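Copied over from TrEMBL, here are the features:
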BINDING   145-149, Asp189, Asn239, Gln288, 385-386, 402-404, Leu411, Tyr433  cyanocob(III)alamin binding site
DISULFID  Cys26-Cys264  disulfide bond
DISULFID  Cys158-Cys200  disulfide bond
DOMAIN    355-431  domain 'Transcobalamin-like C-terminal'
SIGNAL    1-23  signal peptide
Amino acid sequence: MRTTLVITLVGLLLLYLAPGGLCQGCAVNEAERPLVRDVQKKMIYSVNASAPPNPSILLALRLAQEHNKRIEQDMLNKLSQDTVERAVASFSSGQVALNILAQQASCSDPRRVSANNSTINLVRLLEQKFKAELHNIAIHGNPLTNFYQLSLDVLALCQLNSHLSPANASALLSPDHKKYYLGGQFSVDTAAVAVLAQICLQTRRQHLPLKVYKKIRQNVQWLVDKILAEKRRDGVIGNIYSTGLAMQALSVSSSYQKPGAWNCLQTLHRVLDEIPQGTFKNPMAASQVLPSLENRTYLDVSRLNCSMDPDNLPLSTARPTSPTRRPPSIRVTYTVADGVNKTFNDSISVTVPQGSVFFKVMEVAQDKDPSKFSFTYTQSSWGPYITSVQGLQADNNHRTYWQLLSNGSPLSQGAGDYVVSNGEKLEVKFSVY
């Protein structure tokens with residue numbers, strides 16, 4: 001006879017521990033609020049009218065305490081139009097999941113996203129794409145995307161009470177090196193979203209079989225322990241860019257932590273210290289840290305009441321301008337290497353303007369010698385993502401990718417964000433994760 005645990009009381013307890021009743025969450029005080037406004041405004045000003053709308057930006061703005069309703073409505077309209085026009089053909093499962101969360105946070109029904117006299121059901125679309133991910137795992141052992149996106153899928157489907165098997169979801173997100181490690185490094189981002197997804201399963205599914213309930217708890221405990229193991233003395237968790245998501249995960253999982261295991265205020269202040277330095281100038285990086293500054297998480301999207309939002313985030317009509325003075329030149333060494341098959345290892349000395357990013361170095365090298373330094377990329381929400389060099393293509397089924405390094409160390413920023421320095425040794429290396 002199969003034993004079933006009715007976890008209504010446990011669910012209520014976990015719901016209390018979730019956003020709105022956080023035991024370890026923390027938020028900025030009024031004196032620190034200008035720093036939060038600075039993050040919000042830079043996110044808004046950074047939006048490129050010619051680029052596809054980024055649901056992560058709208059999601060983060062909706063989870064903030066202060067709002068510019070006109071800007072948020074305009075973002076929602078553009079996101080809906082873009083979704084209707086190209087969702088089926090070009091969106092990955094994780095992009096659909098983020099889109100669902102952004103729509104839900106904007107009090108818009110993701111099952112009926114309309115634009116240009118057309119309507120799309122994003123929940124049904126995500127169910128289809130999630131099924132395709134699982135099919136690819138069954139055939140090749142790897143998802144079409146990665147376990148970060150699969151965790152987003154589970155989170156979004158759970159939030160919408162979709163037809164999602166908690167047993168299958170808990171098995172999918174169970175501890176496994178290849179799910180949560182990239183290039184030998186534990187992925188705090190992936191683990192954090194997996195925690196959020198499974199806390200959602202615990203709090204929104206009131207009747208879980210005992211075996212599934214225990215499995216989810218085991219998964220979350222392992223993930224929380226791993227995240228805490230990545231905590232540095234200064235409060236950063238993993239790296240500064242993974243810290244925002246880690247804060248979300250730890251704030252809703254206090255029952256899995258020993259007393260004093262995490263000092264939320266220390267981490268919060270460490271993040272705040274980085275804002276004036278421009279660390280979160282990439283809008284995607286800013287979007288992942290903003291909710292935690294407000295003591296909110298992605299689990300809060302279903303609790304938002306748009307009619308109660310204040311309209312209290314004024315914006316200047318003039319956008320920040322870039323300096324016009326021409327910067328001095330710097331010289332770096334740039335290498336492209338096949339670290340898997342060992343078929344090539346080529347280097348070149350490149351001169352670029354001071355303040356240039358890694359991607360600029362790659363472009364200059366390609367112009368100087370396209371036979372050795374040609375590359376392709378796709379435009380992701382984080383910026384350009386390198387897909388091939390010298391025609392050698394990254395392949396998710398073979399777990400290969402192009403890794404960015406500086407002086408032999410992996411970078412935590414992308415090619416479009418990392419600012420290079422004079423004399424630096426840069427490398428793009430074909431690697432296995």
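Every residue, even glycine, has its Cβ placed from backbone N, Cα and C.
Taking the domain 'Transcobalamin-like C-terminal' (355-431) as a whole, pLDDT averages 94 in the prediction. The CA atom of Thr145 (cyanocob(III)alamin binding site) is located 19 Å away from the CA atom of Cys158 (disulfide bond). Less than 8 angstroms from the CB of Tyr433 (cyanocob(III)alamin binding site) sit Lys178, Tyr181, Leu182, Gly183, Arg399, Thr400, Tyr401, each of them six or more residues away in the same chain. Sequence-distant neighbours of Tyr385 (cyanocob(III)alamin binding site) (same chain, 6+ apart, CB under 8 A from its CB) are Tyr377, Thr378, Gln379, Gly414, Ala415. The Cβ of Cys200 (disulfide bond) lies under 8 Å from the Cβ of Val154, Leu155, Cys158, Gln159, Leu299, each of these being in the same chain and 6 or more residues away along the sequence. A Cα-Cα distance of 37 Å separates Trp402 (cyanocob(III)alamin binding site) from Cys26 (disulfide bond). Counting every protein chain shown, the number of other Cβ atoms lying within 10 Å of the Cβ of Gln149 (cyanocob(III)alamin binding site) is 22.
Using Cα positions, the member of the binding-site residues Phe147, Gln149, Asn239, Leu404 nearest to Cys26 (disulfide bond) is identified as Asn239. When the binding-site residues Phe147, Trp402 are scored by other C-beta atoms within 10 Å, Phe147 scores highest.
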